[in-house]
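Worksheet: the structure to be examined is printed underneath.
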Amino acid sequence: MEYKKLLIGKNEEDVEMAAKRATIYDASPERESELQNKNNMRRSTRQETGSLTTIVSITIWFILSKKTEPTINTTTATIVVSTAETTILTTSTSFHTTTKNVENHDKCVIGGSCNVQTKGIGITLDDILRYEINRNMTLENQSLLVKMSVGLTIIMFLMGLINSILSLLTFQNGNLRKVGCGIYLLASSITSLLTISMFIINFWFVLQTQMNSSINLSIHRVGCISIEPLLKLFLYFDTWLNACVAIERAIHVYQGVHFNKEKSKRFARWIIFILPFCITATIIHEPLHRNVFEHQIKYYQGLLPIIERNIWCAIQYSRAVQDYNTAILFIHLIGPFIANLFSASFIIFGTARQRSLAQTSQNYIAHIREQLREHKQLLISPAILLILSMPRLIISLLSGCLKVSDKPWLYLFAYFISFTPSILVFIVFVVPSELYRKTLKETLRNGQRRIRR
């Protein structure tokens, strides 16, 4: 029962009379009509609240469900509220392009949700430059990192070319090739040129295939399978030839006057012939486990859908092959260093012992100090070459989950510096040797005389 007024300070009869009037009024048709109108307004208000809550919930769900798509969907609604009903006048959805949905790069996997490839161990030049190269643009529109890497590549190639030419001019002399040491250095001059040539080929292949997305897939596959393994073959070949030079020098010191030059030359030719096959046998697993992985990315430019091709040179090793690959990396890096170090130590201490027996005026320690001053480059050069080659080993063993794009300059510098030993043959072997310098000067003079004629 409802009362229109609060009855305060009235007697019992007045209260009873008022109660009767209220009962009669509640039973009247006017009261029923009024109550019906109020109930209709309450139901209308509940419908408004429920409809508005539903619309807000749907809008929030719609936005959140589309958050990962390359477009933002914005839904707007105009609502007119009356005492009896709720009317939605307009509902519209507008599409605004943001940015393309690229793959989650630099993680443990590459590709999209339907085409996934797990990254292997090791970082290649492709991994370093992939997200720094602007697709389908000229070199002028590339990033500073790409332009700097182009400049460094050209500088390294020119230095390697000069190094190889001077070394070839030095060791083409027949007098220096009367022993195996000269033959090894002549072959090293050639392999260093091949190494730096494959280095620049690899760089330009990566750059061109990433800049131009229309290049045929077969070209990607051939480059992926062949270029990197060939680059490693020439690099390892050059490193082991330098180790052979040190080993023969140690043998010469050990045999002394009994050293056989003809036998040394024959042995050197056989080593140069067999060594590439041995190195190839140790890295034959690389081209067998390399393959091209392609996936597509779809994004919108305005209302126009764009499909972008992404091609990776993927390397997939099993656990056993990965362990084998790691062991091979250490052998080809540490093996030549140990050979150089032990050979240099044997030359220094062996020569000191021979002289201490022939020259008794000085003790053995004094002769060792004298030999260290005379042959210190034999110890310094292998150490420098090892330090310069270490980044290559580290890069080869880094996890594929590493986010290279955070520090691309660091990884690019490490990659480039690991190939500097191939352009240092002239500095390491010719410059410290008086005999080699004299031979080079004579060769240059003879060349000037021929030109003047």
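Numbering starts at 1 and runs along the chain as it is shown here.
Glycine is treated like the rest: Cβ placed from N, Cα and C.
Record features (TrEMBL):
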REGION    29-48  region 'Disordered'
TRANSMEM  144-171  transmembrane segment
DOMAIN    162-429  domain 'G-protein coupled receptors family 1 profile'
TRANSMEM  183-207  transmembrane segment
TRANSMEM  267-285  transmembrane segment
TRANSMEM  327-349  transmembrane segment
TRANSMEM  378-398  transmembrane segment
TRANSMEM  410-431  transmembrane segment
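Taking residue pairs at least 6 apart in sequence, the transmembrane segment (410-431) and the transmembrane segment (144-171) share three or more C-beta contacts under 8 angstroms. Note on the transmembrane segment (183-207): residues 125-126, 129, 133, 146, 149-150, 153-154, 156-157, 160-161, 163-164, 167-168, 170-172, 176-177, 223, 227-228, 230-231, 234-235, 237-238, 241-242, 244-245, 248, 265, 268-269, 271-272, 419, 422-423, 425, 429 of its chain, located 6 or more positions outside it, place their CB under 8 angstroms from a CB of the stretch. The predicted model assigns the domain 'G-protein coupled receptors family 1 profile' (162-429) a mean pLDDT of 86.
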